[in-house]
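*Asks:* Please see the structure below; I have some questions.
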Amino acid sequence: MPELPEVETSRRGIEPHLAGNVIQYVEVRNSRLRWPVSEQIMKLSDQPVLSVQRRAKYLLLELVDGWIIVHLGMSGSLRVLLHESPPAKHDHIDLVMADGKILRYTDPRRFGAWLWSDDLEKCSVLAHLGPEPLSDVFNGSYLYTLSRNKKTAIKPWLMDNKVVVGVGNIYANEALYVAHILPERPAYSLTQEEVYLLADTIKQILRRSIEQGGTTLKDFLQSDGKPGYFAQELFVYGKKGELCPMCGEKIESIKLGQRSTFFCRQCQH
Ligand SMILES: [Zn+2]
């Protein structure tokens, strides 16, 4: 599933080809995504793209009269084609640009979304989202204040979009490991020092992933290439039974809030 670093990598990959360019028309081959593709998007013609932004895991294409909001769902991806090329089975949407380039959306599982909004302030999918993890608002002090009295285990609590956006299962596992914190601990039980370290660790891990993603940006221009997701360097996620890189003990796995949770009992407390 695309997580925040992949979405940010996608944004950086498509932005140079879209911002300042003009959407000539939109070709929707299959509108049955998680929700039906908005009518307004299907009817767009000769619309300049003012900017390509991101909020949480949503890509936001700013047009003159409103916004196209794209969510990649479980398996969605975007790439830029330099010329017309025949769509494959799961290529559901093309934005055909005035300079001949095409932004192509591929989504085998069709859990993604293409929605229109006249006004982002009133957009229901973006309402109630917590701060961006890489913003200054998200820091140790914010997280510490918010975590007092919270009895929820720290890992599912961190993955709650109202607390902070974009910390998905992979990054919650990795950040708690690097910060030496057991995922099952109630949020309130973390010391101030632990919470500050955790906030910094989340930022570091996300930044490093986005940097790694940057090396795959060329893929956005390969018509036959794979989407711009990248192999991530992971310490514990998906590594049940493998040896902990810090101490050599076996990595354990449990379900926590129905999500696979990986940790080292020796290194995390
Ligand atoms: Zn260990």
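Quick reminder: no glycine exception, Cβ is built from N, Cα and C everywhere.
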*Asks:* Say TrEMBL lists HIS90, LYS150 as binding DNA: which of ARG79, ARG109 is in the same site, per that record?
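*Replies:* Of the residues offered, the record points to ARG109.
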*Asks:* What residues, ordered by sequence, lie under 8 A Cβ-to-Cβ from LYS150 (DNA binding site) and sit at least six positions away in the same chain?
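*Replies:* TRP157, PRO186, ALA187, TYR188 - these are the non-local Cβ neighbours of LYS150 (DNA binding site), listed in sequence order.
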*Asks:* Using the alpha carbons only, what distance in Å do you get between HIS90 (DNA binding site) and ARG259 (active site, proton donor) once rounded?
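*Replies:* So the alpha carbons of HIS90 (DNA binding site) and ARG259 (active site, proton donor) sit roughly 28 Å from each other.
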*Asks:* Count the Cβ atoms, other than its own, that fall within 10 Å of the Cβ of GLU3 (active site, proton donor), considering every protein chain shown.
*Replies:* 19
*Asks:* Expressed to the nearest Å, what is the distance separating LYS57 (active site, proton donor) and GLU3 (active site, proton donor) at their Cα atoms?
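*Replies:* For LYS57 (active site, proton donor) versus GLU3 (active site, proton donor), the Cα atoms are 7 Å apart.
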*Asks:* By a 10 A CB contact count over all chains shown, which of the recorded positions listed here is most packed: LYS57, HIS90, ARG259?
*Replies:* LYS57
*Asks:* For PRO2 (active site, schiff-base intermediate with DNA), just count the other CB atoms lying within 10 A of its CB, please.
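*Replies:* PRO2 (active site, schiff-base intermediate with DNA): 23 neighbouring Cβ atoms within 10 Å.
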